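See below for the structure under consideration.
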């Protein structure tokens, strides 16, 4: 559950401790994983366009590499702290573990407001950051990617700078690069596609399939729009979408392809030509649908709202859209509502990064359809593994409420623990 940044590390450690206990692992596992392997802190001097020299602060936290190279994004934000970066790095260790890919966890950050920089300043900042960390990253050591306020263009500058410093082209050191520069076209929609795959897997298991099921999508940005597109391709009917400006409801079904191709609709869903419009994005949370995809912000589904949600399945495309109290209510209702947690449901992006990395290591590429098939296969396997483990934990702990989120974190920690034990670390 994402929250105030100052409390995020405290919350993440609480999740870790609960996961260790639920999985029945030794308490020393918590002690080991509560601290990162390495913290890199760098200064980033930048000569602004006006001639003034300013010095920014940058981090790269390498949390754990028991399962493989450190992996995680780089964010540019004026409010990042080292503590926040440590929490996010721990989160990536768990997310990558649950995703079943051979990665550990890491995270990077620069304390800067990129909106105040020119393009030249942004490029210079990015290249200087790489110069500060390049000796401790690499295709088999630590593979960064974009995060908040960073993008494929910034990854292109970074991979170029790293390649210059090492004297050879090294495409596999950064992922989510532009498709024209060693990237993969699936990356732009991989997270939304993965959310749709998760919804399909859950619907096939619990709802008799996805065909004809009614869907509402809260948040029609990159993740939500592509989740809506692919879930409709899989046979569901999207009848409600929303963004920051409001929502639109059409019981006959939203033409998602039309919405995706329209800049006006992508900016404000109320520009959709049909349906009932509202200025309140949250109205669609209470729509009479089978599946709800919260793909906007954290804390959207609160305890009060959870009482009135009609969907029987929630698949989290956003990070932390459901508060802990809301989740307890959803699971405890007579008309049980299952929640596929963010750590499982929105892992399509990092799994796609893994596939891009594999391509880059071999100087090889898959076409778009083959890439989607591989991504879908990994997501499907992850859902099934987590569901089996969830059922096992519920049988083991009949005295308590065990959510799928609880199971996901416990399974993630168990996989890291097993790797550390086999390697003789613990």
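Each residue, glycine too, has its Cβ placed from N, Cα and C.
What TrEMBL says about a protein is an automatic prediction, not a curated fact.
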(request) From the candidates 332, 353, 376, 377, give the one listed by TrEMBL for the same substrate site as 71, 95. (result) 353
(message) On the three-state reduction of DSSP, what should I expect for residue 107 (active site, proton donor)?
(response) strand
(request) Using C-alpha atoms only, work out the spacing between residue 71 (substrate binding site) and residue 107 (active site, proton donor) and round it to an integer in Å. (result) 7
(message) For residue 353 (substrate binding site), which of the three DSSP-derived states applies: helix, strand, or coil?
(response) helix
(request) Mind telling me which of the binding-site residues 191, 222, 353 has the densest Cβ neighbourhood, counting other Cβ atoms within 10 Å? (result) 353
(request) Give the distance between the Cα atoms of residue 222 (NAD(+) binding site) and residue 147 (site 'Important for catalysis'), rounded to the nearest whole Å. (result) 13
(message) I need the CA-to-CA distance for residue 147 (site 'Important for catalysis') versus residue 191 (NAD(+) binding site), whole Å please.
(response) 13
(request) Determine which residues of this chain, when 71, 95, 353 are set aside, have a Cβ within 8 Å of the centroid of the substrate site's Cβ atoms, and list them as they appear in the sequence. (result) 72, 92, 96, 99, 101, 103, 105, 145, 347, 349, 350, 351, 354
